[in-house]
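The ATP binding site annotation in Swiss-Prot covers Asn60, Asp91, Ser112, Arg113, Gly122, Gln123, Gln124, Gly125, Ile126, Gly127, Ile128, Ser129, Lys629. The compositional bias 'Basic and acidic residues' annotation in Swiss-Prot covers 221-233. Sequence annotations record features per position, and here Swiss-Prot assigns region 'Disordered' to 221-245.
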Amino acid sequence: MTSYQSQLGDGGGGEPIAEELAESQQSISIAEFFEKNKQMLGFDSDAKALVTAVKEAVDNALDAAEEAGILPDIYVEIEDRGDYYRLTVEDNGPGITKEQIPKVFGKLLYGSRFHAREQTRGQQGIGISAAVLYSQLTSGKPAKITSKTDSHSSAQYFELTIDTDTNEPEIDHEREATWERPHGTRIELEMEGNMRARKQLHDYIKYTAVVNPHARVEFHEPEDSFKSERATEELPPETEEIRPHPHGVELGTLLKMLDATDSYSLSGFLQAEFTRVGNKTADGVIDSFRDRHFGREMAWSPPQPHEDVDIETAVSDAVANKSAEATAAFARAVADEVTDMAALSHAELSAVVASVADDIEAEHDETFGETVRENAVEAAWKSVTDDVSADCYALVDGATTTRKDDAAVEGLSRRLAEKFTDQEDARNRFRRSTLREFVDRAADATEEYDDATFGETARENVVEAVWERAVTVPDEPPTVTEVADNRDAAARLLEAMRSTDILSPPTDCLAPISEDLVKAGLKKEYDAEFYTSVTRDASVHGGDPFVVEVGIAHGGDIAVDGSVETLRFANRVPLVYQRGACATVDVLKGVNWRNYGLDQPGGSGMPSGPAVIMVHVASTSVPFTSESKDAVANIPEIEDELRLALQQAGRDLQSHLKKQRSLEKRRRKQDVIADILPDMAAKLSEVTDREPLDVEDSLARIMNNVLVERTVEESTVQLSVHNYGDTNVGPEVTDIVSQEPDGAESATVVEMDGEWFLKWSPTVGGGETATLEYEVDGDAEFDISVEGIEAEKLTVDA
């Protein structure tokens with residue numbers, strides 16, 4: 001094989017070849033790139049392409065309507081045109097202005113949300129224009145767009161394609177058009193496709209209705225139709241753009257932010273560029289940064305009166321050219337301040353000397369300049385650090401276990417004290433890594449010479465004890481520019497940000513579905529016996545907050561056989577492909593669902609049973625596995641929240657199933673008693689020659705049920721609610737009467753179609769009875785309904 005190296009070695013020189021290669025290199029437009037890499041955007045097959053195009057158009061429609069505060073009405077139609085399929089998606093959103101229509105649909109990476117940290121379905125500005133690109137590549141036909149805004153009586157109609165060389169729209173035709181809608185947008189695309197992905201297409205439409213209960217969705221395709229009405233009139237909460245969170249940014253992002261900010265100080269930068277950072281939090285981050293950037297200073301105990309160290313004399317001897325009276329006062333005051341402190345660092349000693357010097361200058365009218373102060377600090381510090389072995393012994397002894405003998409503790413502490421004494425920096429200032437080196441060297445020497453072992457845990461405990469004793473230095477932190485120019489300093493700032501306790505990011509940038517609406521969406525599409533939902537508090541990943549939501553529907557008409565049905569969503573968008581590559585499924589399989597009442601062979605893998613499990617990840621930037629946004633990436637923070645949410649919902653399901661088993665057991669017992677009780681009552685009546693017992697009343701007493709019975713005397717109707725149980729109950733009792741009632745002051749009365757509905761909501765204590773009364777004239781018919789109490793715990797004799 002001939003190589004460039006061999007040709008260059010023949011003496012021909014490399015310059016012509018390099019120039020030739022350089023001339024062949026050129027940039028390409030993003031449109032041209034995706035023209036050759038359609039699979040990256042989800043257009044990797046005819047079947048999937050149709051689903052992807054529907055998804056992109058519907059996502060745009062939902063976002064547009066919600067941003068305008070409009071309850072979405074979405075119409076989707078797929079027509080078989082022979083060689084191609086025609087896709088039409090129509091919405092009732094605010095419409096798009098004439099100037100923006102070509103750019104929105106005919107230019108890739110054109111959008112308003114890429115830099116915004118708030119939750120939206122689309123963000124990059126690729127989706128709908130990618131569908132237009134795929135349409136023109138496969139059918140050669142332009143996209144047809146009709147859009148109308150509230151401020152115009154006529155709509156704007158465009159036919160356009162994308163110039164892949166320039167990534168600019170090419171308008172084939174434009175005109176004003178008549179459209180009956182007051183506002184909205186309609187797009188028609190013709191493309192190659194097939195309906196082999198009909199299931200995924202139907203799933204996408206159905207799941208969109210589940211996760212957007214505020215939307216009305218209508219769908220038509222050649223063989224089927226689907227319509228879902230709104231389950232709520234409540235729009236998702238409006239989102240607000242936020243700044244990144246300090247716990248989520250990475251080093252490259254931080255360097256970019258440092259370089260771009262207008263702030264001079266680190267405190268100003270932190271407060272201006274990050275969310276949840278006020279003055280107090282910024283101070284905490286900067287102190288943590290100081291520890292990493294400058295190191296801490298060791299705080300030593302001052303000499304005690306019984307020790308052979310005299311700070312006052314040492315300071316006095318260090319002062320020159322001052323009056324004896326001022327010198328004595330200065331030395332005495334410094335010694336008194338130092339002796340009163342439990343421990344002090346070099347920086348704290350410097351502050352003491354400076355404060356005392358200022359006072360002495362004012363009292364004695366003599367100047368204690370910088371040199372005098374430095375000499376005094378040096379002399380006093382030598383006195384303080386004359387013997388630090390006692391401090392080191394106390395720290396080592398407190399950090400190690402009682403199994404260490406005194407000789408071992410003494411050996412380690414003595415050698416550690418020597419490391420501080422021999423330190424080049426007389427201030428005993430050190431970073432944590434340096435302190436670890438001190439401890440390791442002292443421990444290694446102790447093991448070698450004293451035959452005493454200090455393992456990893458003991459060493460780390462000693463490091464922690466000494467580090468906690470050391471104090472943060474007051475040095476002025478570097479400026480933003482200095483940190484931006486020093487990658488190591490920026491890395492230390494990043495560590496400080498991540499180690500500081502900071503409130504979770506605000507959630508007003510997110511629009512989670514909410515627990516109530518998760519259940520409403522499931523109820524709209526699944527006729528189940530039990531529903532539960534969980535919305536977790538916001539967490540953060542990569543500077544972006546996220547919220548995880550889980551819903552479970554169980555029983556009812558849900559299929560018993562096979563695996564549970566899983567619904568995956570990201571920012572309210574159904575994910576119908578790449579299930580095996582999605583973090584939501586990985587975590588779901590890892591939960592032991594047998595603990596929560598579902599079948600799961602081996603305790604892992606997809607559970608089976610009559611259940612639907614819905615998972616939703618809402619974030620300002622969902623981490624997808626690819627540009628096609630089919631699966632959520634395996635991010636530890638998101639996986640942790642998914643696991644906790646699934647387990648919490650699982651516990652709700654477990655409680656429900658346990659309760660159902662208890663009620664079933666109660667039902668069987670009640671059925672047995674109900675079978676034998678009439679015979680027992682008849683026999684007892686025969687033996688005692690008394691009236692037969694009220695079987696319903698007796699059954700309620702035996703089962704500790706709630707008994708509701710009616711008595712009618714002349715015009716008075718009385719409903720008695722007897723609670724034979726031990727706990728309070730709050731039934732909703734509704735009596736439907738064919739005649740107009742009177743005297744029902746405690747009830748809510750509604751007339752409908754010639755019938756009167758009387759509703760009470762009494763609270764009845766255990767062993768107590770509530771009486772509900774009203775008057776009615778003439779012969780009336782009654783029909784009673786009692787809700788709020790399980791059927792197994794209720795007996796109605798009315």
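Quick reminder: no glycine exception, Cβ is built from N, Cα and C everywhere.
Everything Swiss-Prot records as a feature, shown here on the structure.
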{"residue": "Asn60", "record": "ATP binding site", "Cβ neighbours (10 Å)": "24"}
{"residue": "Ile128", "record": "ATP binding site", "Cβ neighbours (10 Å)": "26"}
{"residue": "Lys629", "record": "ATP binding site", "Cβ neighbours (10 Å)": "27"}
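The residues of the region 'Disordered' (221-245), classed with DSSP into helix (H, G, I), strand (E, B) and coil, number 0 helix, 6 strand, 19 coil. Residues 66, 69, 71, 77-80, 116-120, 195, 198, 201-202, 205-206, 209, 213-215, 253, 257, 273-276, 502, 504-506, 508-511, 513, 517, 520-521, 523-525, 540, 543-545, 572, 620 of the same chain, all 6+ positions outside the region 'Disordered' (221-245), place their C-beta atoms under 8 angstroms from a C-beta of that stretch. Lys629 (ATP binding site) falls outside any helix or strand according to DSSP and counts as coil. Annotation note: Ile128 (ATP binding site) sits in a helical segment as assigned by DSSP.
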